[in-house]
Amino acid sequence: MTALAEQLDSAIAITGIAQSIFFIGLLRAEGPRAHAANRWLRLFLSATALTMVEVVMAGQKLYGNAPWMFLLTLPLTFALAPSIILYLKALAGEPSRHPWQHLFHVPLSMLFTLPILLLPPEIKLNIINDESIPDADATLFLTCILTLVVWLLVQTTGYTLLGWRLLARYRRRLRRDFGNTDETPLYWMRWIMLCLTGVYGIYAISQIGSLLELYSSRWLDVAVTFTQVLMVFLLGYRGLRTPLLFTGSADQDCPELEQQNALQAAGPDASPLPAAPRRRRSVPLPSTAAMTAPRKPAA
């Protein structure tokens, strides 16, 4: 059953990699119309694809060929929850002033994976194959892994709670300012948070059970991978159904409407803005040779 779970986990991860690459291409194809928040969504999808590569390598026993992937894929899991929160904050009109401060977990976690990467090759191969290793190396490995797992659980729990708090604040602001309005962005953000909570809820159950030695099931890892791939699928499906979520305002090229929106936001005491200049159509002028050429006599 363990071999079946590993093969199924690898197949699901390959599907997630393909979906992430397709959706990244879909977002990049938006070009100048793209929403400013899309960069954080692309970061989430890129990190997801790389972590799925790690799942495939672990399932197919390929870690021995590229052990350096461990230094890259494990720290990238610390970028998943912050990138989603930064995306939601940008959608809610509350973009972070210092967004990269949310991603300091990634380089810091690399410091804990570096000692494992510097272990002798035969020790790393024994770790991958679940074979016995010396006590000193086992202590170092378990200390680093335990620190990273607990740290990741604390981080994801905090960011998940922050996401739901942001969602509730955004919903209150929508109802206070606009009443019964189109709640498509709110519905979209709620779907993202439900998927994020499901992914990290299953992950927390599997990791806490493993740490406390209550249970250790490979099928829980399959459930985590499946939920993460499902989240990517819902992002892509919703994006294809509602492309306006990933593009800027449809009236961003209309100066008059932009000024009207600015006056409404400033209040009744604001001074009127000067009228925006109208764009003139460029009419091609006749060339000099055409102007000086003699006219043909009429027949």
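Each residue, glycine too, has its Cβ placed from N, Cα and C.
Automatic, uncurated: that is what TrEMBL annotation is.
Database features (TrEMBL):
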{"type": "TRANSMEM", "residues": "12-29", "note": "transmembrane segment"}
{"type": "TRANSMEM", "residues": "41-60", "note": "transmembrane segment"}
{"type": "TRANSMEM", "residues": "66-88", "note": "transmembrane segment"}
{"type": "TRANSMEM", "residues": "100-120", "note": "transmembrane segment"}
{"type": "TRANSMEM", "residues": "140-167", "note": "transmembrane segment"}
{"type": "TRANSMEM", "residues": "188-206", "note": "transmembrane segment"}
{"type": "TRANSMEM", "residues": "218-237", "note": "transmembrane segment"}
{"type": "REGION", "residues": "260-299", "note": "region 'Disordered'"}
Non-local residues, at least 6 beyond the ends, that sit with Cβ under 8 Å of the transmembrane segment (12-29): 38, 41-42, 45-46, 48-49, 52-53, 55-56, 59, 222, 225-226, 228-229, 232-233, 235-236, 239-240, 246
Recorded stretch, among 100-120, 140-167, 188-206, 218-237, maximising Cβ pairs under 8 Å relative to the transmembrane segment (41-60): 218-237
